[in-house]
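*Asks:* Shown below is the structure under consideration.
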Amino acid sequence: MNIRFSAFFFLLAVLSSCTREPLDEGKDGMSSGIAEDVPGTAVPGIVQIKVSGEYEDRIENLDLSCLGDYDIRRSIPDGGKFDERHRKAGLSRWYTVRFRQDLPLSKASSGLYGTEGIEKISFVTPVKTASVYPFNDPGFGQQWDLCNSGDQDGMTAGSDINLLDAWEITRGDEDVIVAVCDAAVEYGHEDIAGNIWVNEAEAEGQAGVDDDGNGYVDDIYGWNFQTRDNLTSIGAVLTPGDHGTHIGGTIAAVNNNGTGINGIAGGDSPEGNGVRLMSIQTSGDDLPAFIGEALVYAADNGAVLVNCSWSVDGDSEFLNEAIDYFNTCAGLDGDGNQTGPVAGGLCIFAAGNESGTVSYPAMNGNVIAVASVGADYRIAYYSNYGPWVDITAPGGDARKGYEIYSTLTIGSGSYGNMQGTSMACPHVTGVAALVASRYGGPGFTADQLKTILLGTANPIIYDYNPSYAGMLGTGLVDAGAAVAGDPVPPMPVGDDFSAVAKGNKAVLEWNAPEDEDGNVPYSYDIFYSENTLENLDPDSPSEGVSHLVYIPGKNEKEKLSYTIDNLDFNTLYYFRIRSRNIFNDVSELSGTISCETTSNTPPEIVAIDGNSLSLKSHETGVLRFEIQDADGHDVDFRVNPADGTYSLDGLVSSLSDDGILTITVNALNAAEGTTYNGIVTVSDSYSESEAPFSYSIGENHAPVLTGGIGDTVFGSSKDGASFSLSGIFHDEDSEPLRYGYSISTTSIIVRCSISGDTFRVDANSYGLTDVTLTATDARGEEASCTFSVLVRDGSQDVDLYPNPVKDFLNIRTGKPVTAEITVSNKAGAAVLTMKDAEMAPFAPLAIDMKNLPGGIYYVRVKGEGIDTSRPVAKQ
């Protein structure tokens, strides 16, 4: 369904960054996001929306006027035999919208995000690729990744996928279809053509007709999901690329044909009887591509594995749903019946080449993420890593002189080297294909395949990479171990199997049974019932028999323990157990044991710090309680007001993993002079226990001024003085005070600072200013003192100002003085005399000169050690 409107699309612009240059590092990445977060690399003019159910078939009623002119189509094509399955998966509600490219994506997404009927939005960003002897194939000697003897410089024997051991058991089965989501595999390649997937209905059908009813016309070898018009995919015409062809050759190059290289699951016939390679092209022509649709196509057309040697710049809602669809629906028909060798599918992703810890979609828990090592077991210099990595495989390390040798397009010489997690990824895909070939069939699931693949990986890589503990998955993929399949069932659990009841829990213990080779079971089936289990059929337990599966740590050989909870109290239960190896072989059942659950023991609350707390109005205090539950139940707690208290102001509470309940009270957030009463209640879901507590908040006392700073004179701009704050202020609550100051003038006459208990005042320039020093307690109560600071030239006995003077002349001395004042004119005649005149630094003497004529006058100050005469100008 395509609709043209005068008033929107999600796809992925595919860029190949793999090369065959020795030190060229490819990158993994492709991005999508939600409306508020537009990736910087998003393709303009395209967005993809998921609509609510009411708009699924009424898309014309959706208001997209914020986009202007736009085109819209359903992201997964209408019709076809899987249409109903697409609807159940919610994929039919995704629509691709194209609009004008000059409309910023941020503006478009902002308008769409609040539109009725739109649930999710995804953007389009470039795909970043992640690249970097029983048979007669001549290139096998260059494939150290398949068999590494360690005889070349820089290589360590065994740093490979242990393929020769696997080939003793299986070499790949043509019923297993592997999709390569990448540049198209060169389907006419001399070393690949025999193992290419062919859609027989289309190959033998009528051109231009959808002969198999899958919604795609003439899709003989797959489909090209790239787009030239940002709305429709290119179609059946595939464009082979080196990156995809290199990957395809690693997985399934034809073996034993006397040509080129060996494929991991390429069979053993020159004509090609290995696993089949399906091309779902999403890169190779520097064009955007519909990757989500590609994964849906792969699942609908028989693929059970998909190799994705690329990543994206961010998480994508549509891509995640497409991955979930592949994982769930691959290998099944439209009615959910198994038709392939595996029920369900596995998406296998390269971890990325940024030497970092982030990569999408590899970080998603619903895929298998593959990191890369070189020929020496050590992590490749470019490989991403992290706890989200599932497994590791050889990907080459050109800095050490070795890469991965595989097929290339005919135009590029048919064979060559690349490196990267793109190259590591198909090694895991190839081994997964061998596992599917070995064990595939009715009832074999993708979960079992994944368990075998990851459970048999070799943890030896951690011996060589100790600083990456837990960051490289379960280990190096091991083809031999993955398909070994021990025909001997695991050893049964012995007579040391025991059960002890605690409340309504039963704690089972047993020693992991070892076989003669030292192997222990991978998992255990545990059966229990209130009825005897003497006649238990473990493959078809009767009503009333509960069954669970316990998977201990890898190769756990010590005593094992498993707790079954939520049983009935005071009830007799019977238990039996059997071992299971990783290949799903089972042991005989153990003998029957029993135990009787007991009554519930209520949780106990033990006060560690007592039950009451007395705080000053600024303090923070803690009450701790140890919570004990003899039955080992999980407990919940709540803290509530009690005894007339309406709210527990200032209180926060938390329960630690070791059972310590901590009540923290911040008095500043509570009312002063108040006592609060509360109660702690602890529940184990079956009963409750309570403990009272209280806390009291004292009255606040404001700080008071106990000293002060007198008016201060500095006789130089370099003078200064320090004062003890504790000698100036006092707080009865003994709380730390917050100090501050203000200066009355804007010009910088003094500089002030506070350090610890010291207040410092330093002169800066001549002048007079007032300084206010304030002490504030935690509740905002304060006390303050104000003092004056005079900075003057101490070499002068007297300051005369203003000079020139219009009316009043101020006479200031550096200390309090009583003196005689004489003002004389230029001729020496006294024009004004004052006796016993008093003056001081902060109380200057003012002389009225406004009635004197203009001219030069001489002012003499005589008294108490001062006798000086200074000229002034009268205006």
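Every residue, even glycine, has its Cβ placed from backbone N, Cα and C.
Feature list, courtesy of TrEMBL:
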| type | residues | note |
| --- | --- | --- |
| ACT_SITE | Asp182 | active site, charge relay system |
| ACT_SITE | His243 | active site, charge relay system |
| ACT_SITE | Ser422 | active site, charge relay system |
| DOMAIN | 489-604 | domain 'Fibronectin type-III' |
| DOMAIN | 698-793 | domain 'HYR' |
*Asks:* Sorry to bug you, but what's the C-alpha spacing from His243 (active site, charge relay system) to Ser422 (active site, charge relay system), rounded to the closest Å?
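*Replies:* It is 8 Å, counting Cα to Cα.
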*Asks:* Can you grab the distance from Asp182 (active site, charge relay system) over to His243 (active site, charge relay system)? Cα atoms, rounded to a whole Å.
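*Replies:* That separation, Cα to Cα, works out to 7 Å.
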*Asks:* Could you put numbers on the helix, strand and coil content of the domain 'HYR' (698-793), residue by residue per DSSP?
*Replies:* 3 helix, 50 strand, 43 coil
*Asks:* Reported in the order helix, strand, coil, what are the DSSP residue counts of the domain 'Fibronectin type-III' (489-604)?
*Replies:* 0 helix, 45 strand, 71 coil
*Asks:* Given a 10 Å Cβ-Cβ cut-off, pick out the one of the active-site residues His243, Ser422 that has the most other Cβ atoms nearby.
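*Replies:* Top count of Cβ atoms within 10 Å goes to Ser422.
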*Asks:* Restricting to the domain 'HYR' (698-793), report the mean pLDDT as a whole number.
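*Replies:* The average pLDDT of the model in the domain 'HYR' (698-793) works out to 96.
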